[in-house]
Amino acid sequence: MSREVKIAVLGGGSWGTAIVKMLTENLDTVYWYIRNTNAIEYIKKEGHNPNYLTSVELHTEYLKLTDDINEAVKNSDLLIFAIPSAFLSAELDKLNKPLTDKIIFSAIKGIVPETGLIVGEHFHEKYGVPFENIGVITGPCHAEEVALERLSYLTIACADKSKAKLLAEHFDSHYIKTKISNDIIGTEYAAMLKNIYAIAAGIAHGLGYGDNFQSVLMSNAIREMKRFTKRIHNIDRNINRSAYLGDLLVTGYSTFSRNRLFGNMIGKGYTVKSAMMEMNMVAEGYYAVKSAHKIKSKFKKKVKTPIIDAVYRILYEGKNAKKTIKELTDKLD
Ligand SMILES: NC(=O)c1ccc[n+]([C@@H]2O[C@H](COP(=O)([O-])OP(=O)(O)OC[C@H]3O[C@@H](n4cnc5c(N)ncnc54)[C@H](O)[C@@H]3O)[C@@H](O)[C@H]2O)c1
Ligand SMILES: O=P(O)(O)OC[C@H](O)CO
């Protein structure tokens with residue numbers, strides 16, 4: 001991959017905005033697809049995203065903004081997707097260009113609901129993108145802290161390490177450090193699962209459980225994540241690394257977490273619909289738990305996942321949150 005690789009960011013939410021900020025520290029051309037034309041006009045005029053990370057000053061002189069996904073794709077070699085998983089299929093349906101010659105990096109932390117696949121596999125199966133051209137941007141990193149230029153670590157995973165390294169160089173800055181990994185499958189599943197555990201943490205908090213319980217929940221969550229990822233892709237991985245445990249902790253404990261906030265509202269008695277309406281943001285874990293529940297039901301040898309089961313029952317079977325978390329407490333150690 002050449003050093004002059006042309007990059008497009010797809011998605012105008014918090015994470016897309018943070019990625020654009022990070023890349024324009026190093027690159028003087030970044031294509032940026034945002035579906036909202038008014039937001040594009042505002043960014044061009046004011047240099048800020050009107051809806052997400054509104055305080056971030058954007059280097060508009062380096063940005064090629066477009067509301068046409070095909071224009072961004074046509075002009076770029078490497079595409080970074082930061083569209084919530086629930087909306088990815090609908091956005092990809094707008095494509096009239098093949099993706100087979102593109103390098104695809106997913107910054108999405110979820111499962112594509114329509115196919116039940118992690119994002120990398122979705123691009124491989126549905127769009128014929130070879131695995132060596134597929135990567136993941138992950139790690140414990142909140143868009144809000146990138147906005148504040150607080151030191152953050154990203155893990156860039158790709159089967160072809162040279163591609164991961166080159167992209168990592170474009171992210172590195174005085175507030176971003178990057179690590180390389182080739183565990184695309186494990187990091188993607190871990191990123192999806194930690195959102196479910198953060199919802200559980202939020203529900204418990206909303207119900208009045210304290211820090212003592214939260215630490216037990218997180219301790220059980222990392223072991224559950226280890227069992228799940230091992231069943232999916234059994235390689236020798238250190239689950240305590242930042243891309244797995246680190247990401248779980250930031251989401252489980254941070255006040256910036258969308259998933260924890262969503263869970264907190266559920267614990268306080270909001271319905272799913274009203275909790276979603278309160279947020280201008282997307283809690284990926286809501287969609288992830290449905291997919292994770294379906295995936296685990298297909299495992300030939302069963303895996304113990306009491307936290308996923310509890311969150312699924314609360315969000316999709318209408319079970320009482322207080323009673324379900326109480327039952328969960330008896331299954332944790
Ligand atoms: N925010 C973070 O700190 C962060 C960090 C790492 C990864 N991620 C991941 O990045 C992805 C994007 O999340 P985000 O935080 O930018 O989202 P967000 O919650 O900040 O914003 C919601 C996004 O969803 C889009 N959206 C809403 N309805 C839509 C629809 N019907 N069709 C298409 N798009 C629609 C909005 O335009 C916006 O881009 C998610 O998978 C998330 O897990 C986020
Ligand atoms: O922490 P959340 O729930 O906002 O999710 C966003 C990112 O996945 C954090 O890594």
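Just so you know, glycine gets a Cβ as well, placed from its N, Cα and C.
Given the structure is predicted, the values throughout are model-derived calculations rather than measurements.
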Among K109, K126, K161, K163, which residue does TrEMBL name as a further substrate binder in the site formed by R258, N259?
K109
For the binding-site residues W15, F87, which one has its C-beta crowded by the most other C-beta atoms within 10 angstroms?
W15
Taking a cut-off of under 6 Å between Cβ and any atom of ligand 1, tell me which of the binding-site residues G11, S14, N259 pass.
G11, S14
Looking at the recorded positions K109, K194, which sits with the largest number of other Cβ atoms within 10 Å of its Cβ?
K194
Per-region confidence, the domain 'Glycerol-3-phosphate dehydrogenase NAD-dependent N-terminal' (6-163) (mean pLDDT, whole number):
97
Does any of G11, W15, F87, K109, R258 have a Cβ within less than 6 Å of an atom of ligand 2? These are the binding-site residues; tell me which, or none.
K109, R258
Around the Cβ of E284 (NADPH binding site), the count of other Cβ atoms that are within 10 Å:
26
